[in-house]
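Colleague: Below you'll find the structure I mean.
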Amino acid sequence: MSAPSTNAPPQRRAPTKRLMAPSVLFLLVWMIVPLAMTLYYSLQDYNLMMPNTRGFAGFLSYELLFTDPVFWDALLNTLLLVATCLLVTVVAGLALALLFNRTFVGRGIARTLAISPFFVMPVVTGLIWKYMLLDPVYGLFSWVMRSVGLEPIQWLSSYPLLSVVMMISWEWTPFALLILLTGLQSLPEDQLEAVRLDGANRWQEFRHIVLPHLGQVLYVVIMLESIFFLTSFAEIYATTSGGPGTATTNLPYYIYLSAFFQYDIGLSSAAAVGAVILANIFAIFLIRFVAGNLNAGSQR
Amino acid sequence: MTASNVDQAPGRKSGAGGTALTLLAWLIGITMFFPILWVVLTALKTEQTAFSMTPTFIFSPTLESFRSALAQGSGYWHYALNSVITALGSTLVGLALAIPAAYAMAFYPSRRTDFTLVWMVSTKFIPAVGVLIPVFLVYRSLGLLDTRLGLTMLFTAMNLPIMVWMVYSYFRDIPVDIVEAASIDGASTTQTMFRVILPLALPGLASTGLLALILAWNESFWSLTMTDYHAATLAVYTASFKSGEGLFWARLSAASVLTIAPIVVLGWFAQRQMVRGLTFGAVK
């Protein structure tokens, strides 16, 4: 094997398998094996408080899950959270991206200020909003309400889900802004000039040139954000703890509660399988997109 | 003040409308940033001025809250050290794993390497709760709960797909001829990788490391579920402020500032990398 064949064209060889193996093994051990175990546990009757009753239970956990009203609340909250945050962050992000795509004095600084919330640790985001902004007595929002002669709102108890939506949107609008702005900046200027010469107005320009160009970028933002919003946890943990009642219990928080407070491994695993399926609905499209891009760019 | 519109295309004059849009952009930038500024200001107040129904914007700043947040008994240093170790550790382990894999994918592409890359990216989309319970149970039986090692490995697993992707994309910018020339000169794969490619890709590797560091530092889910005290990071520390009625706002703010300031500043320099790493090449 050691002597290279002389008549064959010079071939690039490298131990690609060995180079990739460490990463592949790492992800297998930390992601894929646990994922398979979650599936396995979901078919078990397994509660950490009752170690003697463990055994195969078929779909019992799923039956329990589907008859648990809290699960349905959590699922509904999750979907509401994803849909509302998506709407806010994508619309606001697009508007801001268009606004920041102009040239103006100090654009870089203003953009950096607007993007900063994305780099704040989610737990801290939760605390800032819970206390300094939304506190019904000492919060800044309440002071503004009182200043204009209105009754302060008890944000976290009267509108808990909306409060969480505000926190997550504050964090993630910058993400949408940043990515859409990058997309806008790759818009070929000659296309814009062409339609302007044809006498298109701003709206037509936006509708026929900018939006189609941004389509792909918007798609990616929506898919990525959906997956991240599905797994929101820290903001809820740090502020409402899923309450009042089940008002802000989303799927991740439900799984956390049933695993760490009810010690019900079977039930929480069944819910986790649900969360994975939900995330996959979005992920499948994204993965196809990434794979497609890879092939398109591989003529090197 | 009207901006000089250098890239304004012909036919679009910016007059009063342009100034209004500029002011609006600035107003929005400041509004988005305001909660962060407000925490910084609150951290510089005394507890009395911090906790009042009418907010004070002008006051004589004091570092008292920072002093008490950093004091011996506050525990800040313990959590900060854990954050530094786990974030840096996971970044280094991640780079060590990602570089060889990305090298194979970028310079010796085949169906298999393409498939592996897409598969790796797809593991990023498995929600953490999907693997939470087995990881917890296995860690418990192996004694890895509440250890820096266990947490570091979870951060690594979380960031590895993004890191492989990013390193791969930087390697692809390097002409493949360089690798060929090196191998004709008789360099082994290891030599080519370390002596030829890594120096060329250094800025890209630094960007990848920076992004991984930011993501690991801010990671909260695994810290909150897998650690208690010994390996607990600043996410756990700040989360401990969530309960308690007679809260000390100035101290809470000081602790928050100490937790977010380094990363927010790093983030300012990582905006492009953020786009590159988090969109997996879909946006350029």
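Glycine residues also receive a Cβ, built from the backbone N, Cα and C atoms like all the rest.
Remember, TrEMBL labels are computer predictions, not curated facts.
Just so it is clear, the model here is predicted, and its values are computed rather than measured.
Residues or ranges marked as transmembrane segment by TrEMBL: A:21-43, A:74-100, A:112-133, A:153-181, A:217-238, A:270-291. The domain 'ABC transmembrane type-1' annotation in TrEMBL covers A:75-288.
Quick one: how deep are these features, and who are their neighbours?
Modeller: Same-chain residues lying 6 or more positions outside the transmembrane segment (A:21-43) and placing a CB less than 8 Å from one of its CB atoms are 56-59, 61-62, 265-266, 269-270, 272-273, 276.
Note on the transmembrane segment (A:74-100): residues 107, 110-111, 114, 161, 164-165, 168-169, 172-177, 179-181, 183-184, 206, 210, 214, 218, 221-222, 225-226, 229-230, 232, 246-251, 253-254, 271, 274, 278 of its chain, located 6 or more positions outside it, place their CB under 8 angstroms from a CB of the stretch.
Counting residues 6+ beyond its ends, the transmembrane segment (A:112-133) has Cβ neighbours under 8 Å at 96, 100, 139-141, 156, 163, 166-167, 170-175, 177-178, 233-239 in the same chain.
For the transmembrane segment (A:153-181), the list of distant contacts is 77, 80-81, 84-85, 88-90, 92-94, 96-97, 100-101, 111, 114-118, 120, 122, 125-126, 129-130, 134, 136, 139, 141-142, 145, 214, 217-218, 220-221, 225, 228-229, 232, 235-236, 239-240, 243-244, 247-248: same-chain residues at least six beyond its ends, Cβ to Cβ under 8 Å.
Residues 78, 81-82, 85-86, 89-90, 93-94, 121-123, 125-127, 130, 164, 167-168, 171-172, 175-176, 179-180, 182-183, 248-253, 256, 275, 278-279, 282-283, 285-286, 289 of the same chain lie 6 or more positions beyond the ends of the transmembrane segment (A:217-238) yet place their CB under 8 Å from a CB of it.
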